[in-house]
């Protein structure tokens, strides 16, 4: 039998064109990945579970760091505020037209905060945190579909059901994404919801875009393309980074209808960018040198070098997310100022690695490698561009939250590296399996630890001291947290260090000056506050605090001027009007004092101290009728304020309106029964009214609460003599 030998097959060594999204590639390395092959449902459940255990620690955490401005102090969350305000104001509740606005237009994110507020009946952080964790779980699960398309393309069976040619690779990449510790700020910090929502709609926009190609290689649905652009707009209304999904969509240039798709995406993107620019007021936000020092470097070369150093630090956070910090400004990353600085090595290394990846993505003969690395790099770089300082100055040095989407590209490249090594190092498969499992476990443990640190400001700020010891803001925040908890002595140490590290840190000077004022170290407090207003002349709070210190030092003219400076820079400043009124009262300028306190109550109707001081001043100057009117007006606004009830009761007692006065005294004691002075004055009222037994009872209660109460003991002794005299008379 004759055997015919077939000719050896020939293999082309020319690289094939990059495969389009709607063409399938079966990744030969997928089945080598050291993971069990799970069905679609189980892989999603496992991914969601990993995402959950990484960040569940934060579910009952507090509002921390930026949450105070974006949530606690943001009036747009309150149901009483018109809903239309969220479309006019920025993310922090400031009007977009304001010079101080950061121009962060994220109304849909603010809307979710408002819904949380409404459902919880107030500012209860647990609901906010639970939603953040749930969003991360959903995003991690959807990443399986995104990665499957990027690695293997769009494949459908006869019933148009989507199939995955890379079940293990997409599953592993999604696990890496779910457990990456750099996501902690976005998940455990409630303000990070902007990144979560943006990522969610970014994914949906991409998946809807892919849905447009179900009809085949040369066909696509314009309707689905418009749906993708609409979801891109929604992503932008959650965070500005959402626009980058359109660039990700057009990265696939080889499908049918290229010109039409490019035209649709270009027009849609241009419209969204123009609308966003108009909303910003056609101008970028203004930041200070403290926010982003590299962008203020006069030398262009220095700016470029430092920007690239920042990129290398971001890359390091993806590779080794161990040194994480809530804030990287104010000296945390010193500028590179000379060619001899050894840190220049890191940007060079970064670009060598990136160029190597780009070369492999473009020139490799392996179409699987080209496809995966290309889309990995696109997903890594494109979402990061808005934070790169290339198009406009950003208000931070490094922000871990901006890496939330970019980390997906890193995770895709990492999953490919594991698959490639597993395929080519078959003898070391056990070692690779152990290494992959260890990496996942380390990331899970680090994410859980980091999310624990984000539960409270105390632990969050303390964790940053070892990472950024040169960061003045870290020391400031540690000091502020200590001061809020009553440990002012320890707070002084951190405030002083913040001022030492950053001698122009006016907020640290202001807070340190306040503590020194309370400790009666008035001279140093005055020096600090004077320096603060010299550095920042429009710092209204520092002007007011300087006025308080000068008032205590009997520098009355200077104090008055400081108060008026504060009011000049902050027109609606009720506390400053209140302190100005106290100054005028000390100077016996009663009319000026009353006017200042009236201004305080007009600006802040529930300003209890201002109302009470007006009643007391009018009482002391003999204007009892006017004092009574002011007191009753105040109680209409503050019906449960026992201090105003007490002052009004005294006024009524002096007018011999005993019954009415008694009612206010008793109401005040219902609210707070342990006020010695209230019992003492009620006793005086009963004494004058002739109800001596009741007077005796309240004198005794007053002395029991405060044995050294001025005048009470004498009044009590006088009453006892009167009672003894009455008893003798009766006897």
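Quick reminder: no glycine exception, Cβ is built from N, Cα and C everywhere.
Annotation comment: TrEMBL describes 133-155 (among others) as transmembrane segment. Long-range contacts of the transmembrane segment (133-155) within the same chain, counting only residues at least 6 positions beyond its ends with a Cβ under 8 Å from a Cβ of the stretch, are 19-27, 30, 40, 43-44, 47-48, 50-52, 55-56, 58-59, 162-167, 169-171, 173-174, 177-178, 183, 186-187, 193, 196-197, 199-200, 203-204, 206-207, 210, 213-214, 371-372, 375-376, 379, 408, 411-412, 415-416.
The transmembrane segment annotation in TrEMBL covers 190-209 (among others).
Annotation source TrEMBL lists transmembrane segment at 221-238 (among others).
If you look up TrEMBL, you'll see 258-275 (among others) marked as transmembrane segment.
According to TrEMBL, the feature domain 'DUF1736' maps to 283-355.
Per TrEMBL, the feature transmembrane segment maps to 307-324 (among others).
What TrEMBL lists as transmembrane segment is 344-362 (among others). Long-range neighbours of the transmembrane segment (344-362) within the same chain, counting only residues 6 or more positions beyond its ends whose Cβ lies under 8 Å from a Cβ of the stretch, are 305, 308-309, 311-313, 315-316, 336, 369-370, 373-374, 376-377, 413.
Annotation comment: TrEMBL describes 374-396 (among others) as transmembrane segment. Away from its own ends, the transmembrane segment (374-396) comes close to residues 18, 102, 150-151, 202, 240-241, 243-244, 247-248, 251, 284-285, 287, 291-292, 294-295, 307, 310-311, 314, 328-329, 354, 357-358, 361-362, 402-403, 405-406, 408-410, 412-413, 416 of its chain (Cβ-Cβ under 8 Å, at least six residues beyond either end).
Per TrEMBL, the feature transmembrane segment maps to 402-423 (among others). Taking Cβ pairs closer than 8 Å, the transmembrane segment (402-423) reaches residues 27-30, 32-34, 143, 146-147, 150-151, 168-170, 172-174, 176-177, 180, 182-183, 186, 192, 195-196, 198-199, 202, 241, 244, 314, 317-319, 357, 369, 372-373, 375-381, 383-384, 386-387, 429, 432, 436 in its own chain, all 6 or more past its ends.
Annotated repeat 'TPR' per TrEMBL: 472-505 (among others), in sequence order. Note on the repeat 'TPR' (472-505): residues 65, 290, 325, 327, 329-332, 457-458, 461-462, 464-465, 511-512, 515-516, 518-519, 528, 535 of its chain, located 6 or more positions outside it, place their CB under 8 angstroms from a CB of the stretch.
Within its own chain, the repeat 'TPR' (506-539) has Cβ neighbours under 8 Å at 472, 475-476, 479-480, 483, 488, 491-492, 495-496, 498-499, 545-546, 548-550, 552-553, 562, 565, 569, counting only residues six or more beyond its boundaries. If you look up TrEMBL, you'll see 506-539 (among others) marked as repeat 'TPR'.
According to TrEMBL, the feature repeat 'TPR' maps to 540-573 (among others). Regional average pLDDT for the repeat 'TPR' (540-573) in the model is 94.
The annotation repeat 'TPR' is assigned in TrEMBL to 574-607 (among others). Among residues of the same chain six or more beyond the repeat 'TPR' (574-607), those with a C-beta under 8 A of the stretch's C-beta atoms are 540, 543-544, 547-548, 551, 556, 559-560, 563-564, 566-567, 613-614, 617-618, 621, 634, 637-638.
TrEMBL lists 676-709 (among others) with the feature repeat 'TPR'. Counting same-chain residues at least six beyond the ends of the repeat 'TPR' (676-709), those with a Cβ under 8 angstroms from any Cβ of the stretch are 642, 646, 649-650, 653, 656, 658, 661-662, 665-666, 668-669, 715-716, 718-720, 722-723, 726.
Each residue in the repeat 'TPR' (676-709) gets a DSSP state, and the totals come to 28 helix, 0 strand, 6 coil.
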